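Scroll down for the structure; my scribbles are underneath it.
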Amino acid sequence: MGKVHVLDHPLIQHKLTYIRDKHTGTKEFRELVDEVAMLMAFEITRNLPLQEKATETPVMEATTQVLAGKKIGLIPILRAGLGMVDGMLRLIPAARVGHVGLYRDPETFKPHEYYIKLPSDIEERELIVIDPMLATGGSANDAIHSLKKRGAKQIRLMCLVAAPEGVEVIQNEHPDVDIFLAALDEKLNDHGYIIPGLGDAGDRLYGTK
Ligand code: PRP
Ligand code: URA
């Protein structure tokens, strides 16, 4: 079963509090999501393998380290996942970015895919699926199935806030996928919203309603 990592770094938790706050306006919300994504990128990449590399410093030749192994692909789920991409790219600037467009039907909560565009070599990449919200889990589940159908082999899921219901869906459907969260909340309400949550992530990022 995939592991759930709740990233409890104090800076992440501090900023998440202001992201949750209903008084935080669009501009500040966007900036905070961007900053938390960058901090989460630092934690999520902690176990990437390194290999030795000889480097000539101005003083001598030294044995140094560089990243080894698979290259990274970031896969934001549109729309809200886009709000976390730039923060991630600041730490992983060479990552390729693929997009999966999904919206959740407000009545049934079922996701509908309307767009997908991926790097051509996803089977060789370590993919990080990005969405601020993991609620029923339907959207992330569909996105991951879609990626696997197209050859993806190594996938991690990164969300700001999750409900236990969504975590369970991903763990059952994709036991090979580790989940990285800033917070694991209490549950879903009758409208499929995470509580306490942060409201509608897409609307708060883009000022829509
Ligand atoms: C939100 C959110 C997730 C999804 C989570 O997107 O960004 O993609 O809901 O819910 P789930 O786990 O129950 O599927 P939404 O459908 O509101 O689309 P948007 O990002 O375009 O606003
Ligand atoms: N989508 C959101 O944006 N927020 C929730 O709480 C649940 C789904």
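Glycine residues also receive a Cβ, built from the backbone N, Cα and C atoms like all the rest.
Record features, source TrEMBL:
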DOMAIN    6-208  domain 'Phosphoribosyltransferase'
BINDING   R79, R104, D131, P132, M133, L134, A135, T136, G137, G138, S139, D200  5-phospho-alpha-D-ribose 1-diphosphate binding site
BINDING   I194, G199, D200, A201  uracil binding site
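With respect to ligand 2, the binding-site residues R79, D131, G137, S139, I194 contribute I194 as residues with a C-beta closer than 6 angstroms to one of its atoms, given in sequence order. In terms of Cα spacing, the binding-site residues A135, G137, S139 all stay beyond 10 Å of A201 (uracil binding site). Within 8 Å of the centroid of the Cβ atoms of I194, G199, D200, A201, where the record puts uracil, the same chain has further Cβ atoms from P132, M133, V161, Y193, G197, L198, G202, D203, R204. For I194 (uracil binding site), the nearest neighbour among the binding-site residues R79, M133, G137, S139, judged by Cα separation, is M133. Reported as a whole number, the C-alpha separation between G199 (uracil binding site) and M133 (5-phospho-alpha-D-ribose 1-diphosphate binding site) equals 9 Å.
Annotation for the binding-site residues R79, G137, I194, D200: lowest Cβ count within 10 Å of the residue's own Cβ, D200. Proximity to ligand 1 at the level of Cβ atoms, with a cut-off under 6 angstroms, picks out M133, G137, S139, A201 from the binding-site residues M133, G137, S139, I194, G199, A201. Taking the Cβ of M133 (5-phospho-alpha-D-ribose 1-diphosphate binding site) as centre and 10 Å as the limit, one finds 26 other Cβ atoms among all the protein chains shown. According to DSSP, A201 (uracil binding site) sits within a helical segment. Cβ neighbour count for A135 (5-phospho-alpha-D-ribose 1-diphosphate binding site) (all protein chains, 10 Å cutoff from its Cβ): 26. Proximity to D200 (uracil binding site), defined by a C-alpha to C-alpha distance within 10 angstroms, is shown by the following binding-site residues from R79, D131, M133, A135, G137, S139: M133. Take the CB of G199 (uracil binding site) and look out to 10 A: across all protein chains shown you find 15 other CB atoms. Note on the binding-site residues D131, A201: the fewest other CB atoms within 10 A surround the CB of A201. A sphere of 10 angstroms centred on the C-beta of S139 (5-phospho-alpha-D-ribose 1-diphosphate binding site) encloses 27 other C-beta atoms.
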